[in-house]
Amino acid sequence: MEAEGSSVPARAGSHEGSDSSGGAALKAPKHLWRHEQHHQYPLRQPQFRLLHPHHHLPPPPPPSPQPQLQPPPPPPLPPPPPPPGATRGRYASSGASRVRHRGYSDTERYLYCRAMDRTSYAVETGHRPGLKKSRMSWPSSFQGLRRFDVDNGTSAGRSPLDPMTSPGSGLILQANFVHSQRRESFLYRSDSDYDLSPKSMSRNSSIASDIHGDDLIVTPFAQVLASLRTVRNNFAALTNLQDRAPSKRSPMCNQPSINKATITEEAYQKLASETLEELDWCLDQLETLQTRHSVSEMASNKFKRMLNRELTHLSEMSRSGNQVSEYISNTFLDKQHEVEIPSPTQKEKEKKKRPMSQISGVKKLMHSSSLTNSCIPRFGVKTEQEDVLAKELEDVNKWGLHVFRIAELSGNRPLTVIMHTIFQERDLLKTFKIPVDTLITYLMTLEDHYHADVAYHNNIHAADVVQSTHVLLSTPALEAVFTDLEILAAIFASAIHDVDHPGVSNQFLINTNSELALMYNDSSVLENHHLAVGFKLLQEENCDIFQNLTKKQRQSLRKMAIDIVLATDMSKHMNLLADLKTMVETKKVTSSGVLLLDNYSDRIQVLQNMVHCADLSNPTKPLQLYRQWTDRIMEEFFRQGDRERERGMEISPMCDKHNASVEKSQVGFIDYIVHPLWETWADLVHPDAQDILDTLEDNREWYQSTIPQSPSPAPDDQEDGRQGQTEKFQFELTLEEDGESDTEKDSGSQVEEDTSCSDSKTLCTQDSESTEIPLDEQVEEEAVAEEESQPQTGVADDCCPDT
């Protein structure tokens, strides 16, 4: 495939990377973490590639030249399989073809050249008949009644499942061609044994996947669906059942019949053998699926295994890498911690004797007495710089609003100002008959329950998440998809999602046997508390902004807000990511290529991920804002570490101000958490989030460039390090997956640490072809020499003891 990719010139005008004068491809910018061969692959073969580790189905060859005035020749036979060890691949039709024709299968190689030309023309010119309207709007019959009933599904009118419904009846998954230039996340690595997986087989290898138009499928359930589709199509080809009317499940437009006589016996046996192999793989996957687990849990367990391997490798490189790995593992993998709970002090014992009959943290505030509809300021709060504030708020619909400037201009009322502006912008006050004085009273009361002395999880963060959610709701891909009630629920959930945050983590509250942890049984402690406070404040005087909603609307909004806020628990990150990626990829390989979002489960899943993306959006903002957020979160972490030190507790990862590697933590945070999430969101709304991904890449590059490069330690230091090795850290994951291999369970490896008093830091994160970012040539050579003399000995970050 590498030879194919490099020998065929790119079609002029077929891609942004091609110049306008001919087929010569421009080199990819240096900051893009991809090879350049994808510019040279012809657009006549759009396809999805599916990744699973054990077998390989050969790709379709390019179409043969057609003699003039003669019928097309028989379809070419599949090429021989790739060399051993290649990543298993499966092919399905492109997103562009799929959306245009509502579902070609992976036997697209049998289509006539004319059909391929139409596909290529549609991709290159953007001309797609039937999709002139917004790509994700409801059909015309919904425009007057486009309300989704949370309890009963879609409202009266044409059902999205109606075969006569236009392709715009839902969220249409677009072909992701531009995305192929960008480095993919670790999710696209092979799930085979990490140590036996060569670099060339990674997602970013020119051999494995550097083909223009590829889209790799990594979730197991979507892989099974695509493989079964391959089996179905191969069976049809082998048995001459191609003339059969296409089923609803597998529509085949203009697929020519294949005469068995035109296939040699050897090729026939080969195709039959590959079909049987494909079916065996599907059966193996389905046998591991337990009835009590969802199909997305297959993806969640797979992603956790892969992240565990990445973190284990990262932890072996240095103490700072080990600390970053611990932080990511403890925060985002929903691990169960065995901790020694310290004995409570006498003051704490007396405090715990108080009854738990009321929600803690709710204060009695009076904002309504001075507010009337006639005297409410323009932006809800009094400010002497109203005109300057108005200028800043002109960007409320744009990504990267300077929320710190708004906090300064509004007298530290950014949440009230931004929420009021968004409600006015979206006309929610009129739609739900919300009195403006009631809205301002509630918002000011809510904002007062965010702690001003908490560095990160305060009212500014809440305002930032609200505004980010507002922008994501406005993306062209989601135009007219969500109802006004769903929009209100998402914005309200964003506003309350961190109210009364104490500035410490859930695990800290659990470890200290806090009252909140007892009340919520150690399960999403803070998230449950935020919801309780947010809804409790609605009961305060003149604070019920939902007073004019019907009973059913209130129940639906409460249900959605609860589901959204609980999903902001970072320990649920992997499950949330797996759910979304499974949903997106499953629709890519099914017949429609259209995400209908015709049930509550799918719709709330998108909203949950939207707010989760907004909550993890700091690295996607302009660098100036991102750095301020980083300083704030590290300050909050260090304060928690100081409290843990005072109590004699083990200091949480990244919370020890004496040895935390801030720059490396941000690179790891982006590589293993933020990038995979935003990459999946960008697939969902493609191409609307491409600028966000570009900013994320630039910010990662900046933090990577600021990591001090480590010189190799002196021989004496090396000897001292070998004598002073500390306790080794090992990652362990408990997956709810029976039949997991021993290599998967024992994939965690130990790290050897050096206690030399060096301030150096070794950069080690995920790269496009390996999990290690190379240093400059001199340092890299020294590191290799050191590794030969003392295997697996890390470079210490400082002389302080490890946490």
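Heads up, the Cβ atoms here are built off N, Cα and C, so glycines get one too.
Taken from Swiss-Prot, the feature active site, proton donor applies to His457. According to DSSP, His457 (active site, proton donor) is assigned to coil rather than to any helix or strand. Cβ neighbours of His457 (active site, proton donor) (same chain, under 8 Å, six or more residues apart in sequence): Tyr450, His451, Asp498, His501, Gly503, Glu636.
Under the heading AMP binding site, Swiss-Prot lists His457, Asp498, Asp615, Asn618, Gln666, Phe669, citing similarity to another entry as support. A 10 Å cutoff on Cβ-Cβ distances gives Asp498 (AMP binding site) a total of 25 other Cβ atoms nearby, all chains included.
Residues or ranges marked as 3',5'-cyclic AMP binding site in Swiss-Prot: His457, Gln666, Phe669.
If you look up Swiss-Prot, you'll see His461, His497, Asp498, Asp615 marked as Zn(2+) 1 binding site, on the strength of similarity to another entry. Following the DSSP three-state reduction, the secondary structure of Asp615 (AMP binding site) is helix.
Per Swiss-Prot, Mn(2+) binding site is recorded for Asp498, and the stated evidence type is similarity to another entry.
Among the features that Swiss-Prot reports, Zn(2+) 2 binding site is placed at Asp498. DSSP classifies Asp498 (AMP binding site) as coil under the three-state reduction.
Annotation comment: Swiss-Prot describes Asp498 as Mg(2+) binding site, evidence class similarity to another entry.
Look at Swiss-Prot and you will find 58-85 tagged as compositional bias 'Pro residues'.
Per Swiss-Prot, SUMO cross-link is recorded for Lys382. Listed in sequence order, Gly411 are the same-chain residues six or more apart from Lys382 (SUMO cross-link) with CB atoms under 8 A from its CB. According to DSSP, Lys382 (SUMO cross-link) sits in a coil region rather than a helix or strand.
As annotated by Swiss-Prot, domain 'PDEase' applies to 381-710.
Taken from Swiss-Prot, the feature phosphoserine applies to Ser137 (among others), supported by a large-scale study or a structure entry.
What Swiss-Prot lists as phosphoserine is Ser294 (among others), and the listing cites similarity to another entry.
Feature annotation from Swiss-Prot assigns phosphoserine to Ser296 (among others).
Marked as phosphoserine by Swiss-Prot on the basis of similarity to another entry: Ser343 (among others).
Sequence annotations record features per position, and here Swiss-Prot assigns phosphoserine to Ser370 (among others) based on similarity to another entry.
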Averaged over the domain 'PDEase' (381-710), what pLDDT does the predicted model reach?
94
Alpha-carbon spacing, Asp615 (AMP binding site) to His497 (Zn(2+) 1 binding site), which is rounded to whole Å:
9
Fewest neighbouring Cβ atoms within 10 Å: which of the binding-site residues Asn618, Gln666?
Asn618
Of the binding-site residues Asn618, Gln666, Phe669, the one whose Cα sits nearest to the Cα of His497 (Zn(2+) 1 binding site) is Asn618
Round to the nearest Å and give the CA-to-CA distance linking His461 (Zn(2+) 1 binding site) with Asn618 (AMP binding site).
10
Across every protein chain in view, the count of C-beta atoms other than its own within 10 A of the C-beta of His461 (Zn(2+) 1 binding site) is 24
On the three-state reduction of DSSP, what should I expect for Gln666 (AMP binding site)?
helix
Around the Zn(2+) 1 site formed by His461, His497, Asp498, Asp615, which additional residues qualify by having Cβ within 8 Å of the site's Cβ center?
His457, Ala462, Val465, Ser494, His501, Thr568
Please identify which of His497, Asp615, Phe669 has the densest Cβ environment, defined as other Cβ atoms within 10 Å, among these binding-site residues.
His497
